[in-house]
Every structure is written in structure tokens, then in C-alpha cells.
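Inspection log for the structure reproduced underneath, given as C-alpha cells.
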Amino acid sequence: AEKLEESSAEAKALSYVHDATTSGHDSYQEGQKCINCLLYTDPSQEEWGGCAVFPGKLVNANGWCTAYVARG
């Protein structure tokens, strides 16, 4: 799988960023990032990993998008 580009249409549609702290989106809350999101497929992947929202792409573990769902 290849890394998701922030500039891609799919990433922009969900305001995806590689570094959550740079988000600036109204829904972003401090501490939220891909690695602690329910949609991140393998939390043991600490740098880049799969995401249910972006099939076939890798997202940054420290990234964020508007589909964020806190992992139980």
C-alpha cells in the first residue's frame, strides 16, 4: 500500500493531515490521532498503518481526519 497524500481528493474530502496537531479543523480535539482511532486497522503500527476509510492507503499514526472515532 502507498501512503495517503494530503493533497489527494480523498484526503481533502475528510480534511486529513499527517500531523494531527496542525489540523486546525473545528472538530479536532487535542490528543486525537490515527493510532488511537477505531478505524486505524493495526494500532501496533506506530508510524504508518491502514485505515478503514482509505482502503489501500497508509495513513500516518500521528495523523487525523474528520472520520476520527475514539478507540474504546
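Note: Cβ is positioned from N, Cα and C throughout, glycine not excepted.
Annotated in Swiss-Prot:
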{"type": "MOD_RES", "residues": "A1", "note": "N-carbamoylalanine"}
{"type": "BINDING", "residues": "C34, C37, C51, C65", "note": "[4Fe-4S] cluster binding site"}
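Taking the features listed in Swiss-Prot, we show where each one sits on the structure.
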{"residue": "A1", "record": "N-carbamoylalanine", "Cβ within 10 Å": "13"}
{"residue": "C34", "record": "[4Fe-4S] cluster binding site", "Cβ within 10 Å": "26"}
{"residue": "C37", "record": "[4Fe-4S] cluster binding site", "Cβ within 10 Å": "24"}
{"residue": "C51", "record": "[4Fe-4S] cluster binding site", "Cβ within 10 Å": "25"}
{"residue": "C65", "record": "[4Fe-4S] cluster binding site", "Cβ within 10 Å": "27"}
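Note: the CA-CA distance between C34 ([4Fe-4S] cluster binding site) and the residue listed as 'N-carbamoylalanine' rounds to 17 Å. Recorded residues C65 ([4Fe-4S] cluster binding site) and the residue listed as 'N-carbamoylalanine' have their alpha carbons 19 Å apart, per Cα-Cα distance. Note: the CA-CA distance between C51 ([4Fe-4S] cluster binding site) and the residue listed as 'N-carbamoylalanine' rounds to 11 Å. Each residue contributes its Cα atom, and for A1 (N-carbamoylalanine) and C37 ([4Fe-4S] cluster binding site) these two points are 19 Å apart. Within 8 Å of the centroid of the Cβ atoms of C34, C37, C51, C65, where the record puts [4Fe-4S] cluster, the same chain has further Cβ atoms from Y16, K33, L39, Y40, V53, F54, V59, G63, W64, A67, Y68.
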